[in-house]
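Engineer: Just dropping this structure here.
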Amino acid sequence: MARRGLLISFFAIFSVLLQSSTSLISSSSVFVNPSKVKQVSSKPRAFVYEGFLTELECDHMVSLAKASLKRSAVADNDSGESKFSEVRTSSGTFISKGKDPIVSGIEDKISTWTFLPKENGEDIQVLRYEHGQKYDAHFDYFHDKVNIVRGGHRMATILMYLSNVTKGGETVFPDAEIPSRRVLSENKEDLSDCAKRGIAVKPRKGDALLFFNLHPDAIPDPLSLHGGCPVIEGEKWSATKWIHVDSFDRIVTPSGNCTDMNESCERWAVLGECTKNPEYMVGTTELPGYCRRSCKAC
């Protein structure tokens, strides 16, 4: 299975990288140092890369975004359309992948760290949170049948912190499972009340938080529920990269056609995957699968 195989392969590779404290992974001129990565949660899977972005990269992204900030919106769970909501009170803008060499370099760095294709990612969204602004707990995978058509679910999310925040502004996972023998990496006194409601990551300029919205079998992970705590003192700048299961750049074909969306569908169907993994292969009326033709579902 392409989707399931991609996820499982990634986690296998990533676990090896986390065990290495000295090796560097490179792609062309892009280097990733596993020793700077620490796991902050296992359920959901979440990791922080300390110093992922340089000071220059952070300041450059903020500079690009300042001129085109607009109030942030959320996706309606039924229609999939964007709407304004008090759930999300930040302002933001999208930076195209090939905007300039610095942005392209960040895109390369993300792909090298995650082992995920650049074409699966959306453009980077830069956000500004001023005093009192926040993003209530939400999921990054989709509940509507519109957004999922292009690239499938958002498999992974990377939050890159572009500024330090004096107080507040943490990213919190309120439903994350907290190990009974957890060693606290943060002094609870340094966290806001919002952040104390679960496992939280304090925004530090240059750091990046990577977490997965799906389980390795491509099923949505409800423990990936997360939110951005209100900024109490200072200002918060961040950049979000959503990475989908499949290509986000690929042109979506018109609906109504009985086609397979993966060249391996016919082989998988012969191997019995239509019944073993019906969510991916067949799907539902609202969220059609990727191999409906080979599974004789249309």
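Quick reminder: no glycine exception, Cβ is built from N, Cα and C everywhere.
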Engineer: Going by Swiss-Prot, tell me which one of Cys229, Cys291, Cys295, Cys298 is disulfide-bonded to Cys274.
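Structural biologist: Checking Swiss-Prot: disulfide partner of Cys274 resolves to Cys295.
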Engineer: Select one of His60, His226: the residue that Swiss-Prot places in the Fe cation site alongside His138, Asp140.
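Structural biologist: Candidate listed by Swiss-Prot for the same site: His226.
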Engineer: If you have Swiss-Prot open, could you say which of Cys58, Cys194, Cys298 makes the disulfide with Cys258?
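Structural biologist: Disulfide mapping in Swiss-Prot sends Cys258 to Cys298.
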Engineer: Cys229, Cys265: which one closes the disulfide with Cys291 in Swiss-Prot?
Structural biologist: Cys265
Engineer: Determine which residues of this chain, when His138, Asp140, His226 are set aside, have a Cβ within 8 Å of the centroid of the Fe cation site's Cβ atoms, and list them as they appear in the sequence.
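Structural biologist: The answer, listed by sequence position, is Tyr135, Ala137, Phe139, Thr157, Asn213, Ser224, Leu225, Gly227.
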Engineer: Across the topological domain 'Cytoplasmic' (1-6), what does the mean pLDDT come to, as a whole number?
Structural biologist: 52
Engineer: Say we define neighbours as other CB atoms within 10 Å of the CB. Which of the binding-site residues His138, His226 has the fewest?
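Structural biologist: Counting other Cβ atoms within 10 Å of each of the binding-site residues His138, His226, the minimum falls on His138.
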